[in-house]
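Beneath this line is the structure, given in structure tokens, with notes to follow.
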Amino acid sequence: MKSRYILPFLLLLSHNVLLHCASAAVHSHSVDNNLERESDGSYRSRDYDHYNDAGHNSEFDHEAILGSVKEAEEYDKLSPEESERRLSLLLEKMDLNGDQYIDRKELKLWILNSFINLSREEAEERMSEVDDNRDGTVSWPEYLQDAFGVDAEEEIGPEDTGDSGMLLQEEKEMFKAADINGDGSLDLFEFEVFTNPEEHAPMHPYLVNQTLREKDRNNDGKIDFDEYVGDRGSHEDKAWMISERDKFDHELDLDGDGSLDLMEIEKWVIPDNDEIAEEEVEHLVATADEDRDGALSFAEVLRHRHVFVGSDQRHALGEHFDDEL
Ligand SMILES: *[C@@H]1O[C@H](CO)[C@@H](O)[C@H](O)[C@H]1NC(C)=O
Ligand SMILES: *[C@@H]1O[C@H](CO)[C@@H](O)[C@H](O)[C@H]1NC(C)=O
């Protein structure tokens, strides 16, 4: 029993060590090691690991329904009966009009709320690392110490970036913007805005500006294809270049004028939670709507509960279930 807890503990430990090393290495200009960003500099979407090299990863589905990573892990340890009982209670809450069906609209609203809850949970965890004096808020010096590993701003060079790939000045402006009541430190909600800026529209202009600072070499306020590729081009092959060109032309450069303006940069670097929630609704409905009436009855969800909330004991024992087929 005990050994089950050792691996997560080690992972946690190495994660902290990684973060710590990243803070020590304030001279790094690369965002490659950043856990929150893709290699092109865009922010990772909530579902970035939903389909990975190993195929479909149901953890994202569970988190989208439960709104909590901790709870999703807990569900994996429940008996089938307990898992079913708890899911039934959730369904009652999800079913806003009380017709005993979860329709697409109800499911989408629920998932969007889950994203908010996940974001809060992430902020809580991060806060417990940063809030050194345990007063429930994060002051600028506390953040400085955590993200840059220094006590004073003077120790940071103008070109040095912290864990998030941002310059001190950029972080400082974002800290101010997130400090909604202007009292100099961030409470949990403000800290959540600060640490998950991609999920808060008022913060988006800062992220767009940061992207320009990193990529817009000729300072014309736009990003052309060469700037978009940047240094990444030198260690990639021709096929990579062709696929990036295709992505640039057909997904990012919406007006087809050869470069990305502020609006196009925002659409590229900021994940669209609304779209992600819609895709997740389609995925879950396709999986569980047995009679194809476009809505999920409670019974349909319960029959597919390992897709929605967790694998319960059969999965924990290593058996593989795949409802996608
Ligand atoms: C989000 O959290 C609130 C407060 O803890 C809870 O009442 C709600 O059911 C959660 N919603 C989702 C979608 O997880
Ligand atoms: C972004 O950069 C522009 C141009 O330098 C500036 O006018 C604007 O205030 C910046 N926005 C934010 C949120 O920093």
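Heads up, residue numbers simply count up from 1 along the chain you see.
Just so it is clear, glycine is given a Cβ too, placed from its N, Cα and C backbone atoms.
Annotated features, as they stand in TrEMBL:
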SIGNAL    1-24  signal peptide
DOMAIN    82-117  domain 'EF-hand'
DOMAIN    118-153  domain 'EF-hand'
DOMAIN    166-201  domain 'EF-hand'
DOMAIN    276-311  domain 'EF-hand'
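Restricting the average to the domain 'EF-hand' (118-153) gives a pLDDT of 95.
With a cut-off of 8 Å between Cβ atoms, the residues of this chain six or more beyond the domain 'EF-hand' (276-311) that come close are 45-47, 58, 60-62, 64-66, 72, 74-76, 78, 83-84, 86-88, 90-91, 95, 100-104, 107-108, 111-112, 115, 321, 323-324. Within the same chain, residues 16, 20, 23-24, 26, 46, 63, 67-70, 160, 162-164, 168, 171-172, 175, 184-188, 191-192, 194-196, 199 sit at least 6 positions outside the domain 'EF-hand' (118-153) and bring their C-beta atoms closer than 8 Å to a C-beta of that stretch. Secondary structure counts, DSSP: the domain 'EF-hand' (82-117) has 27 helix, 2 strand, 7 coil.
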